[in-house]
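K.L.:
A single structure is presented below for examination.
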Amino acid sequence: MASEKASNPKARYQRILLKLSGEALMGDGKYGISPKTLTSIAHDVKDVVDLGVEVALTIGGGNIFRGVSGATEGMDRSSADYMGMLATVINSMALQDALEKIGVPTRVQSAIEMHQVAEPYIRRRAIRHLEKGRVVIFAAGTGNPYFTTDTAASLRAMEIHADVLLKATKVDGVYTDDPKKNPAATKFKQLSYIDVLKKNLKVMDSTAISLCMDNDLPIVVFDLTQRGNVRKVVLGEEIGTTVGRPSARNA
């Protein structure tokens, strides 16, 4: 939703939530965080902040530890999920550091309280940070096991009244099949929430999609690896795949 300050008339969205996977921070590596990739993402975020758009982020932890994977190897699911949440805090702190190095004031709010490294998640405080032009990174998922960071992103987007949820991936939208494995796969330009659920398309998990559907929150799936794509989406360029109501799709 528009903030108290003057909004940028060029931007389609005035308040966004950008969802990054933990893997997005790895770059070409197989584990951990790539400083080069982190810097590139930080500059992408800064480009949008410079437009006057309010930016919140949620980051996964799969580059460090994935709770579901730990559970399949015999770990207790709740314990594994909490470990995954801690991984998201590490990623959030890394991105905060990268953003502040280029002059973007940033706050990390964690759903699991750890006062030495992050603020506790307080919805009203998060909104106030956004209104003051600060980037807010939501860490530790929802703070509960069995919920993905995609669901956390949907929840936080609703709580802060974001105009859109931007789902950053390594491909330029949603396809009928994995384009890396199937050259004949075709990209969807627009999808309804029901299409995503019925076709079991790998946009986000069903809980996250249902939450967005119930609250009319549009989702844009796009390629983060192309520098400048976040800005393009915010300015309304038709890239990636938009998920929303059928009426919006057919407009």
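Heads up, residue numbers simply count up from 1 along the chain you see.
Using the three backbone atoms N, Cα and C, a Cβ is placed for every residue, glycine included.
So Swiss-Prot has the following annotated:
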- LYS19, LEU20, SER21, GLY22, GLY62, ARG66, THR169, TYR175, ASP178: ATP binding site (BINDING)
- GLY61, ASP81, THR142, GLY143, ASN144, PRO145, TYR146, PHE147, THR148, THR149: UMP binding site (BINDING)
K.L.:
With the UMP site defined by GLY61, ASP81, THR142, GLY143, ASN144, PRO145, TYR146, PHE147, THR148, THR149, which remaining residues of that chain have Cβ atoms positioned within 8 Å of the Cβ centroid?
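P.N.:
Once GLY61, ASP81, THR142, GLY143, ASN144, PRO145, TYR146, PHE147, THR148, THR149 are set aside, the remaining close residues are GLY67, GLY84, MET85, GLY141, THR151, ALA152.
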K.L.:
Within 10 Å of the Cβ of GLY61 (UMP binding site), how many other Cβ atoms are there?
P.N.:
27
K.L.:
Among the binding-site residues listed here (THR142, ASN144, TYR146, THR148), which has the Cα closest to the Cα of GLY62 (ATP binding site)?
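P.N.:
Of the binding-site residues THR142, ASN144, TYR146, THR148, THR148 has its Cα closest to that of GLY62 (ATP binding site).
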K.L.:
Quick check for the class: what is the C-alpha distance, in angstrom and rounded, between THR148 (UMP binding site) and SER21 (ATP binding site)?
P.N.:
11
K.L.:
Roughly how many angstrom lie between the C-alpha atoms of ASN144 (UMP binding site) and THR169 (ATP binding site)?
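P.N.:
One finds 24 Å between the Cα atoms of these residues.
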K.L.:
Between all pairs in LYS19, LEU20, SER21, GLY22, GLY62, ARG66, THR169, TYR175, ASP178 (listed as ATP binders), what's the biggest Cα distance, rounded to the nearest Å?
P.N.:
25
